[in-house]
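Have a look at the structure below, then the notes.
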Amino acid sequence: MTEGVLPGLYLGNFIDAKDLDQLGRNKITHIISIHESPQPLLQDITYLRIPVADTPEVPIKKHFKECINFIHCCRLNGGNCLVHCFAGISRSTTIVTAYVMTVTGLGWRDVLEAIKATRPIANPNPGFRQQLEEFGWASSQKGARHRTSKTSGAQCPPMTSATCLLAARVALLSAALVREATGRTAQRCRLSPRAAAERLLGPPPHVAAGWSPDPKYQICLCFGEEDPGPTQHPKEQLIMADVQVQLRPGSSSCTLSASTERPDGSSTPGNPDGITHLQCSCLHPKRAASSSCTR
């Protein structure tokens, strides 16, 4: 069974990748196939094929950047990406964990705990866990150097945990609500998805009177991507857009105002004011937050 990890990002196995009913229901547009002999199976799907065996010594980390960019590009363009290996346990979970680490700033253990809340069988092998540890450490060091190099030049607001967790909280808790509302809470999971997400992300803010979450939600996580620049000098960093959340009184809808301004101060092509307004539903009202963070 395909499991939604974040809006636009799904985790499953080889059978899920061939299940036309599931693919259609989840509106899958992109698939990452990561196993020994990945092959494109459907004409209307964009594939990324990564031939990797599920053994601890395999350097799966070298595929992180390609996979992260593939997923990110898919989601930024409104698509839905399924990441699958043979059983949906180790290889695909490793890739999804690396992606969520990149766009939220969370450590791999926290991300894996959140994934297990919706897919209890998720379990990267020991070698892949070690590579996730190394990836997280290297990313944090790059982020620290990047922020230090910016202090004497352009503005670079410090990264705050509240900002980094904002999108993750909305996505994880909303996904958990949908799973509970549809009665699909995973068996053998000690905590419900919602309880596990709340334990990971902390208690939600006070819920205003009249707040009525709608399980049939549609959420877009708002991320900005740095200009890749000249081909000979590609930039590797992904940055989270400034996000402001405003609750609409008496409804479950809120407006996300996401600034897609680049680090150099320019705006995204085709969006001169640098602001994108998206409609979504979420579990809890959020206070407006505006900050930037780099990974």
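The backbone N, Cα and C atoms fix where each Cβ goes, and this holds for glycine too.
What Swiss-Prot says about this one:
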{"type": "DOMAIN", "residues": "1-141", "note": "domain 'Tyrosine-protein phosphatase'"}
{"type": "ACT_SITE", "residues": "C85", "note": "active site, phosphocysteine intermediate"}
{"type": "REGION", "residues": "251-272", "note": "region 'Disordered'"}
{"type": "COMPBIAS", "residues": "251-270", "note": "compositional bias 'Polar residues'"}
Cβ neighbours within the same chain of C85 (active site, phosphocysteine intermediate) - under 8 Å, at least six residues apart:
N13, F14, S33, I34, H35, V52, D54, R91, S92
In the domain 'Tyrosine-protein phosphatase' (1-141), how many residues does DSSP assign to helix, to strand and to coil?
67 helix, 24 strand, 50 coil
